[in-house]
Amino acid sequence: MQIGPYQLKNQLIVAPMAGVTDQAFRNLCLRYGAALAVSEMLSSNPEVWDTDKSRQRMTHSGEEGIRSVQIAGADPELMAQAAQFNVEQGAHIIDINMGCPAKKVNKKLAGSALMQNPPLVKDILQAVVAAVDVPVTLKIRTGWEPEHRNGVQIAQIAEDCGIASLAVHGRTRQCMYKGNAEYDTIKAIKQNVSIPVVANGDIDSPEKARFVLDYTGVDALMIGRGAQGRPWIFREIQHYLETGNKLAPIEVAEQRQVMLEHLTKLYDLYGEYKGIRFARKHIGWYLDQEDQRQFRADFNQLETAAEQYSLVEYYFDELVQN
């Protein structure tokens, strides 16, 4: 798949997820085979660009691969300025968020709320594309609500405005993350535009990845929640797409190494206090089985990086011995 001048090495992309796809997580996913990892959403409001959270999200030092930065907002001029600012900070691709279903984003008429207003969608896309000399991509949902799936209309507007590729989550804004993603609308979008289309939603196994590619005819897949606590899913899916065979489950020693490295990267990125808190949710995703409940409870009580690191080491030492 090609996005502007950038040829992706395969069909697997990491979905942008606020509070999840920071630099530490993106680099892990890239190492395990993702072709592209999109950053966390950044507000187009310049008043928040100087906050610690925004500065961390804008940091690209040590970033591996193609740098795609997602921006969100509802004002065409501010969105254009945000795009320019992030290109100056090192973004290779600007991604526009019209897919986030969160209430705090939608109440500002941003994210997937924009799909209710096609003229404003057009104004925003035209402004951002004109403002930068890098490819601009777009992420949407299938529509605002099940009765109003206007994804094809928005996709055609995107193509007319010069959007380089389009990612579509297979639910409406109203659906949030409930129920199952549907791929009929994504298939229809692919059939009605000539720009690359990326399918997103409930792609959590190699078999599901193969099904979605075949059913929709899309150019690539975007994986979000399926990679939480499992960055190696990209390796598993790519192997299956290439060979038709499933890889053996990740070995305990490798999982231990990944988790400990992830902890270290979180502490380095956020400092000990914030790093500890981010580590709690990531470790909760890595070890999410019922028989790991006590470990999660114990881990979440720890207040130092050294204690967290040591407990993960101890957990895997016990696992190997038993």
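Glycine too: its Cβ is placed from the backbone N, Cα and C atoms.
Going through GLN70, GLN81, GLN84, GLN89 against Swiss-Prot, the one listed in the FMN site together with PRO16, MET17, ALA18, LYS139, ASN200, GLY201, ASP202, GLY224, ARG225 turns out to be GLN70. In this entry, FMN is bound by PRO16, MET17, ALA18, GLN70, LYS139, ASN200, GLY201, ASP202, GLY224, ARG225, whose most widely separated C-alpha atoms sit 21 angstrom apart. Least packed by the Cβ count within 10 Å, out of the binding-site residues PRO16, GLY201, GLY224, is GLY224.
Around CYS100 (active site, proton donor), taking its Cβ as the centre, 24 other Cβ atoms fall within 10 Å, counting all chains. Highest local Cβ density among the binding-site residues ALA18, LYS139 belongs to LYS139, counted as other Cβ atoms within 10 Å over all protein chains shown. Separation of the C-alpha atoms of PRO16 (FMN binding site) and CYS100 (active site, proton donor): 10 Å, rounded to the nearest whole number.
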